[in-house]
Amino acid sequence: MAREDSVRCLRCLLYALNLLFWLMSISVLGVSAWIRDYLNNVLTLTAETRVEEAVILTYFPVVHPVMIAVCCFLILVGMLGYCGTVKRNLLLLVWYFGSLLVIFCVELACGVWTYEQEITVPVQWSDMITLKARMTNYGLPRYQWLTHAWNFFQREFKCCGVVYFTDWLEMTEMDWPPDSCCVREFPGCSKQAHHEDLSDLYQEGCGKKMYTFLRGTKQLQVLRFLGISIGVTQILAMILTITLLWALYYDRRDPGADQIMSLKNDTSQQLSCHSVELLKPSLTGIFEHTSMANSFNTHFEMEEL
């Protein structure tokens with residue numbers, strides 16, 4: 001009975017952990033898509049520079065192929081574990097444990113690679129010149145992708161130009177920076193800020209922001225947190241799976257152990273009840289003999305009187 005309760009508890013815990021696997025995997029896929037949007041815009045602006053090379057070396061080998069593949073595989077493994085837990089199938093649970101172990105090793109290797117990989121990209125003036133040279137194509141109909149990338153980066157990272165917002169005036173024929181440089185953006189805000197109050201424009205350039213992007217972003221922090229959480233959950237799931245396998249294996253190897261213990265308890269209770277039943281007649285007889293003796297003595301005393 002105790003073993004059956006333990007198995008039931010282990011199964012409930014594995015159900016909960018598999019649900020966590022699905023939720024975390026979906027979250028990691030969403031964060032990876034979130035990072036991809038940032039990476040596409042950064043790569044558009046930093047093409048043919050050292051920054052582009054650093055971005056590719058830092059993010060793409062781990063963030064996209066490995067993490068996406070691991071999360072998709074983990075969703076399938078969660079289904080495998082769920083089926084094995086429901087059916088109490090030892091083979092499915094063994095496959096589930098082995099798959100979790102392989103995924104954990106891959107995640108551990110990726111985590112070590114990410115933290116050990118230190119890309120040092122010194123700021124070079126040639127990179128700044130390359131970034132400035134692309135500013136001349138801003139707003140042109142055939143360079144809408146570049147216009148979108150500049151606007152996205154300036155809004156998200158709260159910067160303007162490459163070194164300073166005056167880069168837009170130097171490198172283009174514009175009389176004022178784009179509206180995406182405004183602290184409070186609205187149509188015509190940059191023109192108003194240029195003529196009235198320059199503090200309404202972002203004062204920091206986007207060049208250094210791109211290098212800061214390589215040092216770690218909030219998206220990458222969230223991704224690392226989710227990766228660590230998935231790893232801890234996998235360790236717990238593997239421990240519970242081993243325990244459940246042990247319980248199910250010995251339950252099948254000695255299926256009557258609990259039944260024998262239960263039978264012993266029932267037999268003991270029945271013997272106790274039977275002993276009480278056997279004692280009842282003897283106690284009744286003793287009581288009757290005692291009563292008869294007392295009545296006889298009383299009758300004898302009355303005759304003597």
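Note that Cβ sites are derived from N, Cα and C of the backbone, with glycine treated the same way.
Per Swiss-Prot, the feature topological domain 'Cytoplasmic' maps to 1-12 (among others).
Counting every protein chain shown, the Cβ of Cys9 (S-palmitoyl cysteine) has 13 other Cβ atoms within 10 Å. Under the heading S-palmitoyl cysteine, Swiss-Prot lists Cys9 (among others), citing similarity to another entry as support.
The feature S-palmitoyl cysteine is assigned by Swiss-Prot to Cys12 (among others). Annotation note: Cys12 (S-palmitoyl cysteine) sits in a helical segment as assigned by DSSP. Listed in sequence order, the residues of the same chain lying 6 or more apart from Cys12 (S-palmitoyl cysteine) and placing their CB within less than 8 Å of its CB: none are present.
Per Swiss-Prot, transmembrane segment is recorded for 13-33 (among others), and the stated evidence type is sequence analysis. Remote same-chain residues near the transmembrane segment (13-33) are listed as 63-64, 67-68, 71-72, 74-75, 77-79, 81-82, 85, 219, 222-223, 226-227, 229-230, 233-234, 236-237, 240-241, 244 (criterion: CB distance under 8 Å, separation of at least six residues from the stretch ends).
The annotation topological domain 'Extracellular' is assigned in Swiss-Prot to 34-59 (among others).
Under the heading transmembrane segment, Swiss-Prot lists 60-80 (among others).
Here the topological domain 'Cytoplasmic' (81-89) is broken down by DSSP into helix, strand and coil counts: 7 helix, 0 strand, 2 coil. The topological domain 'Cytoplasmic' annotation in Swiss-Prot covers 81-89 (among others) and rests on sequence analysis.
With a 10 A radius on its CB, Cys83 (S-palmitoyl cysteine) counts 14 other CB atoms from all the protein chains. Annotation comment: Swiss-Prot describes Cys83 (among others) as S-palmitoyl cysteine, evidence class similarity to another entry.
Annotation source Swiss-Prot lists transmembrane segment at 90-110 (among others).
Marked as topological domain 'Extracellular' by Swiss-Prot: 111-224 (among others). For the topological domain 'Extracellular' (111-224), the predicted model reports an average pLDDT of 79.
Residues 7, 10-11, 13-14, 17-18, 20-21, 24-25, 27-28, 31, 67, 74, 81, 85, 90, 93-94, 96-97, 100-101, 103-104, 107-108, 110-111 of the same chain lie 6 or more positions beyond the ends of the transmembrane segment (225-245) yet place their CB under 8 Å from a CB of it. Under the heading transmembrane segment, Swiss-Prot lists 225-245 (among others), citing sequence analysis as support.
The topological domain 'Cytoplasmic' annotation in Swiss-Prot covers 246-305 (among others) and rests on sequence analysis.
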> Cβ under 8 Å to the topological domain 'Cytoplasmic' (81-89), counting only same-chain residues 6 or more beyond its ends: which ones?
Replying inline: 7, 11, 14-15, 17-18, 21, 95-96, 100, 237, 241, 244, 248
>> Cα-Cα, whole number of Å: Cys83 (S-palmitoyl cysteine) versus Cys9 (S-palmitoyl cysteine)?
In response: 16
